[in-house]
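Peer 1: Below: one structure in structure tokens.
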Amino acid sequence: MNVDLLKNTSSVSEFILLGLSNSQEIQIFLFAIFFLVYVAIIVGNLLIVISVIVDNHLHSPMYFFLANLSFFDLCLSSAATPKVIADFLRKRKTISLWGCMAQMFFMHFFGGGEMSLLIAMAMDRYVAICKPLHYKTIMNRRALIVFLLLSWATGFIHTTSQMVFTVGLPFCGPNAVDSIFCDLPLIIKLACTDTYILELLVIANSGLLSLVCFILLLISYIVMLVTIWQHSSTASSKAVSTLSAHITVVTLFFGPAIFIYAFPFNSYSVDKFLSVFYSIITPLLNPIIYTLRNQEMKAAIKRLSSQYLGSWLTS
């Protein structure tokens with residue numbers, strides 16, 4: 001009875017997030033930066049989603065995937081960023097045990113889904129460049145729905161296969177996390193039990209998923225570039241122009257992810273800054289890259305802005 005009582009009273013109910021700095025001035029500066037970045041993420045990605053929905057010129061497979069990518073970016077960033085921003089104004093940065101578990105669940109859910117969605121986008125570009133005459137037949141509505149459902153399923157399986165073992169871990173000792181949000185490898189290290197097997201599972205699950213997806217994308221890009229080089233006259237200029245933007249986004253997304261899980265338990269400071277880049281900067285760069293390099297998207301956003309601004313001024 002006394003032993004059980006001792007275990008209950010010594011169990012961890014919250015984690016302390018150490019953040020990026022202890023300086024109040026720096027934290028206020030970071031609050032302003034992160035707040036502005038998050039607002040830009042919301043506005044930029046929402047503009048893409050709304051433009052694709054309401055503009056008939058963007059009702060194509062490529063923009064269907066782009067709108068869903070922006071939705072994933074919105075959700076991925078919102079899983080942690082609002083809490084991060086609020087913590088910059090707090091002296092003691094804490095998060096409850098179940099709040100931490102929920103944060104990790106949704107970050108890996110939307111992160112895993114985005115990985116497979118990027119593969120679907122690469123498939124779309126492959127068909128547009130390598131099989132342009134059969135593009136509408138292959139990338140039909142049914143194929144788009146299947147690709148989207150596979151992305152959601154991949155994200156769910158990816159996060160569930162890790163979190164199902166994490167939620168049952170006993171936490172009874174240290175509860176300080178050297179990050180701005182709950183990072184799965186760091187949380188696992190705080191458990192009061194041997195987590196070596198689980199650490200390997202996390203590396204195999206997240207690391208190999210990132211690596212395999214990146215290799216598949218790399219192979220598809222090589223095939224597409226060879227096709228462009230051999231049949232430059234028949235390749236669609238629009239499809240070719242969007243390929244470079246897609247390659248840039250994929251590199252920015254998978255680069256930090258592979259680095260994080262290649263060295264997950266050794267360099268906490270590097271892991272911390274790469275996590276910031278992966279969850280906050282990348283969702284901001286995606287809409288910038290796709291809008292600045294895409295004339296149709298820029299035109300659609302201008303039409304959307306002028307339409308609603310005009311109706312607001314006349315009302």
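Each residue, glycine too, has its Cβ placed from N, Cα and C.
Marked as transmembrane segment by TrEMBL: 28-50, 62-81, 101-122, 143-165, 208-228, 240-263, 275-293. According to TrEMBL, the domain 'G-protein coupled receptors family 1 profile' annotation covers 44-290.
Situate these features within the shown structure.
Peer 2: Tertiary proximity for the transmembrane segment (28-50) is limited to same-chain residues at least six positions away from its ends with a CB under 8 Å from its CB atoms, namely 20-21, 66-67, 70-71, 73-74, 77, 81-82, 84-85, 88-89, 280-281, 283-284, 286-288, 290-291, 297, 301, 304.
Per-residue pLDDT, averaged across the domain 'G-protein coupled receptors family 1 profile' (44-290), gives 84.
Same-chain residues lying 6 or more positions outside the transmembrane segment (101-122) and placing a CB less than 8 Å from one of its CB atoms are 62, 65-66, 68-69, 72-73, 75-76, 79-80, 83, 95, 147-148, 150-152, 154-159, 162-163, 166-167, 181-184, 187, 206, 209-210, 213, 216-217, 220-221, 246, 249-250, 253-254, 257, 278-279.
Residues of the same chain lying 6 or more positions beyond the ends of the transmembrane segment (275-293) and with a Cβ under 8 Å from any Cβ of it are 20, 34, 37-38, 40-41, 44-45, 47-48, 66, 69-70, 73-74, 76-77, 79-81, 84, 107, 111, 179-181, 183, 241-242, 244-245, 248-249, 252-253, 256-257, 260, 301.
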Peer 1: Below 8 angstroms Cβ to Cβ, which residues of this chain, lying six or more residues outside the transmembrane segment (143-165), approach it?
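Peer 2: For the transmembrane segment (143-165), the list is 61, 64-65, 68, 72, 101, 104-106, 108-117, 120, 123, 184, 198, 201-202, 205-206, 209.
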